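Asks: Heads up, here are the entries from Swiss-Prot:
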BINDING   Gln89, Gly107, Glu108, Gly109, Lys110, Thr111, Asp502  ATP binding site
BINDING   Cys887, Cys889, Cys898, His899  Zn(2+) binding site
Amino acid sequence: MVSFGGIARKLFGSSNDRRVRSFQPNVAAINSIEEKTKALTDEQLAAKTVEFRALLAEGKTLDDILIPAFAVVREASRRVLGLRPFDVQLVGGMILHSNAIAEMKTGEGKTLVATLPVYLNALSGKGVHVVTVNDYLAQRDAATMGRVYSFLGMTTGVIVHGLSDEERHAAYACDITYATNNELGFDYLRDNMKYEKNQMVQRGHNFAIVDEVDSILVDEARTPLIISGPLDDRSELYNTIDAFIPLLVPSDYEIDEKQRSANFSEEGTEKLENLLRQAGLLKGNALYDIENVAIVHHVNNALKAHKLFQRDKDYIVRNDEVVIIDEFTGRMMPGRRYSEGQHQALEAKERVQIQPENQTLASITFQNYFRMYAKLAGMTGTAQTEAEEFANIYNLDVIEVPTNLPIKRIDEDDEVYRTFDEKFKAIIEEILDAHKRGQPVLVGTTSIEKSELLAERLRKQGFDDFQVLNARYHEQEAYIVAQAGVPGAITIATNMAGRGTDIQLGGNLDMRIERELGEVEAGPEREARIQAIVEEIKELKQKALAAGGLYVIATERHESRRIDNQLRGRSGRQGDPGRSKFYLSLQDDLMRIFGSDRMDSMLTKLGLKEGEAIVHPWINKALERAQKKVEARNFDIRKNLLKYDDVLNDQRKVIFEQRLELMESTNISETVSDMRREVIEDLVDKHIPERAYAEQWDAAGLKTGALNILNLDLPIEDWVKEEGIGEDDIRERLTQATNAAFTEKAERFGDDIMHYVERSIVMQTLDHLWREHIVNLDHLRSVIGFRGYAQRDPLQEYKSEAFELFTSLLNNLREAVTAQLMRVELVQQAPAEPEPPLMQAHHLDPTTGEDDFAPAIYQASEVIVSPENRNPDDPATWGKVGRNETCPCGSGKKYKHCHGAFEQV
């Protein structure tokens, strides 16, 4: 029975079809001026850039010049690269320009499509960022497409790991900048830790086109970019707690693989309390008493390390280090670390050296970073399954771009076996059968462990003519993937390793020329050898086509349909034939978690024998329903996390805007004066209650407060005894005394020095308090969920308490700045250079990208406070204290073992 919706779509087309058709008039207009554009000389074509910019300066919009601009880029691409964008690629370019996501199948030329809107939007002079998932793709695309932009008189920069600030500043100043998502986010955070505006490298967020947008804005949305600094060594504590976990039995804990959570049962809690008590680690009577919050955190991490994290699936151990494995690509991510002590728990489990924990100094999620852009667009081969998320969170529509040629790939029904062994046996038979007929095969696995298991079984069959592509050997990744289309080639790859590199039937011409003729100089010999490679690839392509094209064999379903579609999409590029099939077993993770027991019972009743498979569209639909459930749950998690992160993001915007204003100001005396006035108001209000009699005033407390904060010893107790004195009189006298003392100091310092001191103290104090605030919000976030048990909305509770914490931060800022400025003195000798804190930039458990760990060292200029001006009872007056100095509190201990220890908590 045909639905009314189906009839309507047949009559009028889908909404996607209508959106695509809406771009056709512009496509026709671009085609109509193609011959005229072709007739231009190179100089005339390049001069169009100047002409377009002049039109914009006169008031024209980018939409007004889209047609001639796209025509110019198309012609420049033809002349420079030998590639002429097809009509459907023009449509893709218009989709990107219109703030949307263009879903384009593998091999349809997304990289070339991007040049059209990139050039158009770069004409504004505000900069365009093209975002890729790794340094290799950023460099490759910048080098290739940069030739087109250069031909048209535009500059291209590329941001990769390891560049200096000067190099980054120059790259961001270009018309077009290629960069990874991680580098962009880290540069934003680092810019907002600088103390001079001219040290900042970014120049704003105008327009970004995100390649592999689903990977960056969906897969990585839950994992923030973090800049952190190391805390004190706690390796002994991790090792002690780790030793407890093997003593537990399954009834002592509960594991939820769906939610990736692990909790102790009542019996397990009692056993753990006894162990902790014997080790002298338990305070009070119970594990969950408030004073044991830190210990609870440690034991939970240890339990997860042993029961949820699997070696060679979630991480590998290499060179005495625990290295995270990307869940989606199977790549190693050296330098990346789990947060909140989880990585240290894994190191304790594996008996490798435990690295120090880190304290978060600055962080941001990709969700909030990319929403800062005035204009955002994206490209990918697989976005429709996440269309709702893109619309709700990023306000981005997903529009599917028609392929230039029809897709000929055959997607077969899944084959389901009862066990791993049966499944792998069938896969190996299928691989060898395809190899015999010369068909190239790409085998997709979900983990390193599975890829190596499959490779080992092939070797046992006496066959070793294959390539294994996983996290252990990713250096040759792009080349191996590019040659996976050679007839008879067998490539085993973890999930989507090598994403961004096309698999071309017969092999990749450009890569072969680069590898085989890289050292051969230009000339007749090189041209002859290039021609020989061209002919060889043509012949190999015909053989691969005759064998049926690329055959994608998947060893497991991923919990996301999108990842499965990405693997399928490797085959059948640009109208080539191809084939895909998924081989499953009831022992697979997805099947096991979602009802494999019932299916096993059903298959037994059907009389399924060992080695036999069931193939039926019903199985595919059942699995798709399970995947939709997982996708919906993950979307809800990301939506919920974003609601909480938005609270921090709103506060982050305020702080970063304040920092920028401070950096741009040469004189903040008025701001500092307002802070002093508000501090005095708070002091008086605190010690002189409203409508209270003079004898009820806390004169002693006010005197102490004035001494501790304002560094003024005033006869306040005498003032309050005066006949007829009021609250306003006390406030006025405090203000006059404070301003007089500050004015005298400012005159001694001189305007230039005083302005520098004020600015430095405000910025350093703001940074210190903001870092403490981030930690406080993290702690609040970790426990706020329990408010739900009291029938209160955790999110509303979080918003309310986060606001109170932020208000407290601002009050503390005013008080600390005032206290330091009232005590600061110039020292005669040049102060010793302070030791800079080591800061690491890392992205926790991300889902794509590699080798983008970016450590950095920063040193803030310090204002030295003379020891005689430090109040032992008020840390706000101590200024910068060296870790090995005697603590100003008078304890006699070193600062790092006394009050300095609190900074590390």
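From the backbone N, Cα and C atoms, a Cβ is placed for every residue, glycine too.
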Asks: Run through the Cβ atoms and count how many others sit within 10 Å of the one on Thr111 (ATP binding site).
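Replies: The Cβ of Thr111 (ATP binding site) has 18 Cβ neighbours within 10 Å.
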Asks: Of these binding-site residues, Gly107, Gly109, which scores lowest on Cβ atoms within 10 Å?
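Replies: Each of the binding-site residues Gly107, Gly109 was scored by Cβ atoms within 10 Å; lowest is Gly109.
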Asks: Tally every other Cβ atom lying within 10 Å of the Cβ atom of Glu108 (ATP binding site).
Replies: 24
Asks: Counting only residues 6+ apart in the same chain, whose Cβ is under 8 Å from the Cβ of Lys110 (ATP binding site)?
Replies: Gly92, Ala102, Met104, Asp211, Met379, Thr380, Gly381
Asks: Counting Cβ atoms within 10 Å of each candidate's own Cβ, which of the binding-site residues Gln89, Asp502 comes out highest?
Replies: Gln89
Asks: Would you measure the largest Cα separation among Gln89, Gly107, Glu108, Gly109, Lys110, Thr111, Asp502 for the ATP site and round it to whole Å?
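Replies: Largest pairwise Cα separation, rounded: 17 Å.
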